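Annotation comment: TrEMBL describes Gly9, Pro10, Ser11, Gly12, Val13, Gly14, Lys15, Ser16 as ATP binding site. What TrEMBL lists as coiled coil is 134-161. According to TrEMBL, the domain 'Guanylate kinase-like' annotation covers 2-182.
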Amino acid sequence: MSFILVISGPSGVGKSTLLSKLFTEFKDELYFSISSTTRKPRNGEKDGEHYHFITQDEFQQDIKNGYFLEWALVHQNYYGTSLKQTQEALSQGKIVIFDIDVQGFHQIVEKLDEKIVSVFIITKDKEELKKRLIKRNADTIEHLEQRLENARLEMKELDKYDYLIINENLEQSYEALKSILITQKIRTDGQNLEQIRTLWNKGE
Ligand code: ADP
Ligand code: 5GP
């Protein structure tokens, strides 16, 4: 059964940490959509693994060529998701995971017919987010303020999402995310009921 799982939430909240755990456990069923971005790689980030790191010119060219399913300007950098790779993964029956911002989420809701399950992740308060951003040590103070302000604006859209996880205890947050995935997988409207009935009858 294929569907799209959108994960949004302020930068530094723990999305990548939670998603990498999900991949370790469900790697055969999931396809993680690797975005393109004009942002510079952080320490430890690899091209083609965390993002496709490209230039502004390349990004503009990709927009012109219709490469993106959605794209957005976030904290003065461009981010976008490949249309072709998403379509291919869906046609293979994969669950496609997007780590995208609120703007990107709105765009895919408009464009795709597939079932979209959406999860917003936040910290218990602004101070905790600030601590995590500082711990990650990837942003100058100026960028930090920008990310916090962007987080405040994104929080206005919480009601557009199906689920909200307050990522305080990592294990509990992971269990919550995992249960969303599992619940979605067992929905009757996403399964091939005819095939299940046929297989069941064969056992008579
Ligand atoms: P995002 O992908 O949302 O930008 P990351 O997954 O890179 O965020 O996490 C940012 C930082 O917060 C990392 O240093 C990560 O280890 C830490 N972190 C993630 N979840 C928790 C948590 N529940 N409690 C404390 N620190 C966390
Ligand atoms: P970061 O720079 O911290 O990796 O990501 C910054 C923000 O950009 C996060 O909110 C993340 O979800 C969002 N983002 C990452 N990839 C994409 C994408 O392809 N499209 C959109 N719209 N947002 C993205």
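Count begins at 1; order follows the chain as displayed.
Every residue, even glycine, has its Cβ placed from backbone N, Cα and C.
All TrEMBL annotations are machine predictions without curation.
Of all the binding-site residues listed here (Gly9, Pro10, Gly12, Gly14), it is Gly14 whose C-beta has the fewest other C-beta atoms within 10 angstroms. Counting residues 6+ beyond its ends, the coiled coil (134-161) has Cβ neighbours under 8 Å at 8-13, 42-43, 74-76, 101-102, 105-106, 118-120, 122, 126 in the same chain. Take the binding-site residues Ser11, Ser16: by the count of other Cβ atoms within 10 Å of each Cβ, the lowest one is Ser16.
Summarising model confidence by region, the domain 'Guanylate kinase-like' (2-182) averages a pLDDT of 93. In sequence order, Ile121, Leu129, Arg132, Asn167 are the residues of the same chain, not among Gly9, Pro10, Ser11, Gly12, Val13, Gly14, Lys15, Ser16, whose CB sits within 8 A of the CB centroid for the ATP site. A sphere of 10 angstroms centred on the C-beta of Lys15 (ATP binding site) encloses 20 other C-beta atoms. Val13 (ATP binding site) counts 24 other C-beta atoms within 10 Å of its own C-beta, drawing on all protein chains shown. Screening the binding-site residues Gly9, Val13, Gly14, Ser16 for a C-beta under 6 A from any atom of ligand 2 leaves none.
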